[in-house]
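Here's the structure we're looking at; comments come further down.
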Amino acid sequence: MQATHTAGHAGDHHHDDHAHYPSGWKRWVTTTNHKDIGSMYLWFSFVMFLVGGAMSLIIRAELFSPGLQYVSPEFYNQMLTLHALIMVFGAIMPAFVGFANWMIPMMIGASDMAFARMNNWSFWLLPPAAILLTVSIFVPGGAAGTGWTLYPPLSVQMGIGMDMTIFAVHILGMSSIMGSINIVTTILNLRTPGMTLMKMPLFCWTWLVTGFLLIASMPILAGAVTMLLTDRHFGTTFFNAAGGGDPVLFQHIFWFFGHPEVYIIALPAFGVVSHVIPAFSRKHLFGYTSMVYAIAAIGLISFFVWAHHMYVTGIPLTGQLYFMYATMLIAVPTGVKVFNWVTTMWRGSLTFETPMLFALGFLVLFTIGGLTGLVLAMTAVDIQLQDTYYVVAHFHYVMVAGALFSAYSGLYFWLPKWTGHMYNEGLGKLHFWLSIIFFNIAFFPQHFLGLAGMPRRIPDYSQQFADFNVVSSVGAFGFGLSQLLVLIVVFQAVKGGAKADSRPWDGAHGLEWTVPSPAPYHTFEDPPAFDAAEAHA
Amino acid sequence: MNPELSPVGSTTADSRPRVGSNVRIASILVIVVVGSLLFVAAQPRLYRAFCEWTGLYDIDRAEQVAVSSLPGRPVTLEFDANSHDGGLLFRPQTNSLAVKTGEIVHVIYRVENTRDSTVIGQAVPSYGPQHAGGYVKKLECFCFKQQTFAPHEVREMDVVFLIDPKLPDDVATLTLSYTFFEVPAGGAKALATSAEVRT
Ligand SMILES: [Cu+2]
């Protein structure tokens, strides 16, 4: 099975492993190969991760002690806005699109994505957007300082940096929509014979639902920022009460996009973990069918809970109650997933290589983040905690310990397949332990700060918050520095190391492990045979 | 044909579990995108329709909303106006009104700038008795922002408010008084113009 095309079609020039691509930089600009594009997405997202991370360290340096030390309040606001936009749209989302590009065709036995040329365009839209965002710091008035939510009236009043942010969001939206159309079409249409939807690897399922979420929600965000743009320059008053509009309308539209966005980030993370945990438990995933229904349920409900971000905007009591209960409902399918992951490990023969460590870190910390989310879902509590550091702690547990740890889990899991070499296990484990320890030092105290009433998005704070902020800043710098380890690990694995088998993890199953490591430039030019017994392992 | 340019799988006759051609699926997804765009374009109208239907944020119905909780009772309103410097002539069009609590009241104040120069001013309200101030719910008021008056300009300005029906029973007469203060250097914008005023 493993050598389907290498052995079977060695004489056929169309199917051979020798890539026919231009050399040098031209290869990367013109490539339509899903593996090349996947790698570019991953590198891009890592660069953006470092840029956004540097910004967060500016924030944490300023917050190390009360008073204003290093930056002006305006610049502080720009840093926290760009940090959020870059991390969400530049780092986490492209990272999982990178995984999708690399792995989905190999998981379903397709030779490439459905629209290979469009795939290239969706990637190359990202760098201009990233440049617009970062260059906006240097224009008069600076970058957008509104927070990533871009609420009017502030976003209507800001300088040209706001327009650059709006255009960047347009471009990023276009890229995401094109990428999603590609991924959804690939998953629906290019699966190898015999692989029905319910026998498809779970990562593909999470991306199928994520793709639909993106296709439905990104145009909503694009529309919202377009209305901001016309309010700013063309005299419309969508969000201006003086002209008959309502700034609260923006919040409704933004969060109608914004909440599904949370699951756009979380679902692929769930998908990666659903591959790693079974592999290192040496068992099949427990409750595959319930996992699929849980993914679909989460995707669907995520469109009907948006106003839980708006409890203090004056929505009526009935509305508050509805959004509270609907939000809590999401805990049910999410709980099903956590239950299934834990049950997968039950009586498995577990080993704790780096991918598994990150998956377990994800499992524990994401669950904490989910529980604080439930606390925030309660209207009465949220009115107290709205815009405090409790919220900051909550979403960093979901975004960093959830999505980022899952991405690391996937990176270490598939790195041998991509590079053909085993990574340095010792460094990988060190990276994990430093990450999880410093992460908790950085973010756990923020729960206490929020409960004590420290507001977010303000560069100064009152004396009684000083100690926890020192702890948090120390943790943030430790976390930031330990992320450089992953760069060493990846460079080492690219350059050399122990040869990786086609299936370097004895518990891993699926078509992607039947091709040699490193994966040849072209794989599955002819659909491979699919063994249903191997499905969703 | 360059295999990299053609949609994958379109030339091979394999037996993949297809839903339709790639292009057909993509077209359906594009329709979803367009539907989403239309949906967001319709939001301002839908939002307004929803708010009108439910009565949320509806200023015209504020009267009914306020009255629905407590019955209105008669109260006398007196209006007063002062100017902190002699430059502005400032007085209300009505000196007193008999209204019911919960009713929307609309009063016009008249201002005349008697100087040959531009004046920037801001009206500051005060109430008698003082504790009644919290029951005056202003919907619109010229006192919300600074006003710039051209030389010898005459302007009529509105204040729209209602008296909260929870107004304590011992308040039978409520005085709303405004004092216009000239702003010497109010905010960045006023700086330039006030420099002219001084010369
Ligand atoms: Cu939400």
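Cβ atoms are placed via backbone N, Cα and C, with glycine included.
Curation plays no part in TrEMBL annotations; they are all automatic predictions.
The domain 'Cytochrome oxidase subunit I profile' annotation in TrEMBL covers A:28-531. The annotation transmembrane segment is assigned in TrEMBL to A:40-59, A:79-102, A:123-144, A:164-190, A:202-229, A:249-273, A:285-307, A:322-343, A:355-381, A:393-415, A:427-448, A:468-494.
Using a Cβ-Cβ cut-off under 8 Å and counting only residues 6 or more beyond its ends in the same chain, the transmembrane segment (A:355-381) has close neighbours at 269, 272-273, 276-277, 279-280, 308, 311, 320-321, 323-324, 327-328, 331, 334, 338, 341-342, 390-391, 393-398, 401-402, 405-406, 408-410, 412-413, 429, 432-433, 435-436, 439-440, 447, 505. Contact count against the transmembrane segment (A:202-229) (Cβ pairs under 8 Å) is highest for A:249-273, out of A:164-190, A:249-273, A:285-307, A:393-415, A:468-494. Pairs of Cβ atoms less than 8 Å apart link the transmembrane segment (A:393-415) most often to A:249-273, out of A:123-144, A:164-190, A:249-273, A:468-494.
With a threshold of 8 Å between CB atoms, the same-chain residues lying at least 6 positions outside the transmembrane segment (A:249-273) that come near it are 88, 92-93, 96, 99-100, 149-152, 202-207, 209-210, 213-214, 216-218, 220-221, 223-224, 227-228, 238-239, 295, 298-299, 302-303, 305-310, 313, 337, 341, 359, 362-363, 366, 398-399, 402-403, 406-407, 409-410, 413. Here the transmembrane segment (A:123-144) has Cβ contacts under 8 Å with residues 29, 37, 40-41, 44, 48, 51, 74-75, 78, 81-82, 85-86, 89-90, 94, 150, 155, 158-162, 164-165, 167-169, 171-172, 174-175, 178 of the same chain, all six or more residues outside its ends. For the transmembrane segment (A:285-307), same-chain residues at least 6 beyond its ends with a Cβ under 8 Å from one of its own Cβ atoms are 198, 202, 205-206, 209-210, 212-213, 216-217, 252, 255-256, 258-260, 262-263, 266-267, 270, 274, 277-278, 313, 315, 319, 323, 326-327, 329-330, 332-334, 336-337, 339-341, 343-344, 346, 536-537. Summed and averaged per residue, pLDDT over the domain 'Cytochrome oxidase subunit I profile' (A:28-531) gives 93.
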